[in-house]
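A.B. asks: Quick one: the structure is below, questions incoming.
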Amino acid sequence: MKKFLLFILKISIVLVVVAIALDFGFTTIYKQSKNRGKIDYVFNSNARKYDVVILGSSRANNHFVSDLFEKQGLKTFNYGMSGGHLFEADLLLKLMIERKYQIKNVILEADLNLSNDQQSEGVSAKYLPYLHSSETVRKHFENEQDFNELYYIPFYRYLKFETKIGFRDMFKVATNEKTSVLNNKGYYSLGKTKGNMKNNIVNLNPLPHNKYYEEIKALCRANNIHFIAIMTPMCENVTGMNYFDKVHKAYPEIHNYENAVVENKYFSSCGHMNDEGARLFTNVIIHDFFKSKK
Amino acid sequence: MFFNSLTFAVFLPIVFVLYWFVFNKNKSSQNLLLILASYYFYSCWDWRFLFLLVFSTFLDYYTGIQIEKNKNEKIRKFWFWLSIGINLGFLGVFKYYNFFASSFATLLSDFGLKTSPFLLDVVLPVGISFYTFHGLSYVIDIYYKRIKAEYNFVDYSLFVSYFPLLVAGPIERATHLLPQVKVKRTFDYEKAKQGAYQFIWGLVKKVVIADTCATYANAIFDNYTQMNSWSLVLGAVYFAFQIYGDFSGYSDMALGMSKLFGMDLLRNFNYPYFSRDIAEFWRRWHISLSSWFRDYLYIPLGGSKGSKMKQVRNVFIIFVVSGFWHGANWTYLAWGFINALYFLPLLVLNKNRSNMEMVQLQWNFASAKEILHIFYTFALACLAWIFFRAKSITDAVLYIKRIFTEGNFSSQYLTNERYNYELLLMIALFVVVEWNYRFKEEPLSGKNSWLKVALAIAAIIALGTYSDYKEFIYFQF
């Protein structure tokens with residue numbers, strides 16, 4: 001029996017050693033990644049200069065056409081992340097500031113995402129390879145429920161989020177395979193109607209003090225960045241549009257643009273405009289916030 | 001509680017330590033602990049079905065004794081049929097009643113008679129097909145005086161409820177497992193080590209092969225109308241490896257952990273995809289079920305004795321019943337029927353026992369022919385798996401039709417956000433490993449075992465699928 005217990009102990013040691021080795025290998029490779037997504041594009045970068053940085057969820061990613069800003073001479077990048085919450089947008093801005101980005105304006109899509117201050121696991125997983133390499137990332141995650149497991153158990157984060165940062169993605173980073181996420185300066189255009197042109201947001205309520213929204217606002221103030229928070233459009237057939245009034249009441253500084261474009265022909269799905277709608281909307285934003293100032 | 005879950009990773013070591021360090025005085029205390037552990041393990045699914053398990057155990061225990069004790073043939077027969085009737089009755093009610101009721105209603109509606117059948121709102125008790133078959137074999141063997149009845153209820157309960165085999169087999173025989181239960185087990189280092197290797201290899205098959213293949217197979221089967229021919233072919237191949245990895249992985253884990261407790265279970269898989277014909281495939285796939293049907297259905301029906309027509313009838317009966325054992329759906333029946341069709345030419349030409357030994361290759365023409373036979377048999381198996389996996393026979397037929405008519409054999413992006421061909425390399429690697437170790441139960445023991453264990457562990461944690469958790473397929477049967 002003693003021999004067997006020793007055998008099990010050896011297997012356990014092999015398990016730990018293999019996990020540590022794999023963790024080290026994966027992390028080393030992810031630290032070289034610069035072109036797979038917006039998070040690694042920022043994390044593994046040096047100082048950049050922007051006139052406009054766009055943050056938010058897919059409703060930022062699909063709605064702000066970076067090229068239209070650029071045409072006005074405004075160096076712009078759309079850092080909106082599909083499926084992302086304000087948790088991830090906040091951390092991205094923190095990393096930009098840490099890397100001494102010079103940013104004049106931050107446009108934050110702040111509407112439906114104000115209803116929660118949770119992380120979006122599918123998106124936040126992309127930060128996890130850097131958990132041990134960045135104090136900023138570690139601090140941002142330290143109050144999360146599974147922080148201890150993610151931080152202290154070697155390789156656990158890669159195992160838990162294997163579809164996002166597992167072997168397949170690591171392999172693609174190692175072979176320098178690009179994605180299209182960074183094309184068009186981060187803007188991702190949608191085609192004609194695909195999804196459901198109905199939405200019910202009656203049960204959605206903005207949090208009175210969304211922690212990450214407040215952090216983004218404070219970060220901008222502390223770093224002399226002009227902060228523009230915007231509610232972006234929804235399609236015609238939405239039940240519970242008074243959600244946006246509730247947002248306005250709780251956060252009066254957020255600009256109401258939910259009705260800037262309404263016709264269904266400008267939407268790909270109810271919460272996401274197609275390219276035509278996005279261009280229309282971006283022009284309105286440029287006109288109201290940038291041209292009028294010139 | 002699944003074998004690949006964290007709760008089981010806590011459960012197994014606790015039982016192991018208690019078994020060898022606390023309850024190790026005699027075989028009764030060992031058996032008592034294993035029974036308690038097994039009942040706890042089973043109640044983790046649904047404690048209410050524990051009563052069904054205990055009742056079924058008691059029924060066969062009691063009827064077994066009555067059959068043995070009574071000399072009067074009529075009374076023996078009464079107890080025998082009572083046990084068979086109640087066992088099959090439970091199986092019928094929980095597993096097949098809704099299927100028959102709704103199929104009958106459909107049949108009536110085809111004749112213009114509209115009915116709304118009374119359907120039961122019950123879930124299938126996990127493992128019922130397996131423990132019912134344990135009990136059936138026990139009672140049948142006593143009735144035919146092949147074995148003696150077991151008078152110790154704890155020992156008999158352990159034979160039925162032993163947790164490594166309780167929910168998905170292998171389907172044990174009293175002649176094999178009961179003698180092991182009747183003696184005190186002493187710790188055997190080599191056996192336990194072998195068990196640990198087999199458990200690890202089973203885990204590789206489940207989380208690396210089966211669960212990864214499942215994400216691709218599901219993406220293809222669930223959207224087959226949008227898939228091109230190449231994706232559909234790959235979908236069938238992925239499902240073939242999913243079900244093999246899933247079930248043989250489970251069996252390896254069951255056999256492996258049982259060795260940790262000093263007990264050997266029946267081998268359930270013996271590299272079936274290296275078979276050179278369907279008869280060989282069925283001698284290597286789900287061996288405990290195939291041999292059960294052979295011994296308790298095929299042979300009593302006359303087996304290979306009698307006229308060719310009778311033999312053909314017997315083959316069709318066992319394949320169709322075997323298909324139906326898997327589930328109450330026409331697709332399983334079709335799967336069994338197709339396998340019977342595959343088997344038929346071999347039976348008629350007396351070639352069903354041509355390939356009894358594991359394939360061995362040399363650099364000659366005969367070996368090239370054997371390789372072709374292996375590919376051909378695998379293709380036949382895949383074709384039948386389409387029926388097993390499809391939601392309906394219509395879906396299966398359309399799936400196959402699309403393979404031959406769609407005509408596009410290019411890469412395709414699937415709904416699981418992967419390209420259709422991406423798994424091929426991993427499967428090829430798995431096949432190479434299995435091929436090289438096909439004369440052993442698992443590949444990890446032997447030369448360079450530590451290196452192989454390290455690679456297996458690396459594969460489990462780096463290549464396994466965890467976010468999209470898949471239950472063991474055979475738990476539903």
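The backbone N, Cα and C atoms fix where each Cβ goes, glycine too.
Grabbed the feature section from TrEMBL, which reads as follows:
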- B:6-23: transmembrane segment (TRANSMEM)
- B:32-58: transmembrane segment (TRANSMEM)
- B:78-97: transmembrane segment (TRANSMEM)
- B:118-144: transmembrane segment (TRANSMEM)
- B:334-350: transmembrane segment (TRANSMEM)
- B:371-388: transmembrane segment (TRANSMEM)
- B:419-437: transmembrane segment (TRANSMEM)
- B:449-467: transmembrane segment (TRANSMEM)
A.B. asks: Do any residues of this chain, six or more beyond the ends of the transmembrane segment (B:371-388), have a C-beta under 8 angstroms from a C-beta of it, and if so which?
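C.D. replies: 236-237, 239-240, 243, 272-278, 280-281, 326, 331-332, 334-335, 338-339, 342, 359, 361, 396, 399-400.
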A.B. asks: Out of B:32-58, B:118-144, B:334-350, what stretch is closest in contact terms to the transmembrane segment (B:78-97), meaning most Cβ pairs under 8 angstroms?
C.D. replies: B:118-144
A.B. asks: For the transmembrane segment (B:419-437), give me same-chain residues lying six or more residues beyond its boundaries with a C-beta closer than 8 angstroms to one of its C-beta atoms, as numbers and ranges.
C.D. replies: 208-209, 212-213, 216, 220, 227, 230-231, 234, 237-238, 241, 245, 271, 273-274, 411-413, 443, 463
A.B. asks: Sequence-remote contacts (6 or more beyond its ends) of the transmembrane segment (B:118-144), Cβ cut-off under 8 Å?
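C.D. replies: Contacts with the transmembrane segment (B:118-144): 42, 45-46, 49, 52-53, 56-57, 59-60, 63-64, 67-68, 76, 80, 83-84, 87-88, 90-91, 93-95, 97-98, 101-102, 150, 156, 159-161, 165-169, 171-175, 289, 292, 295-296, 325, 475-477.
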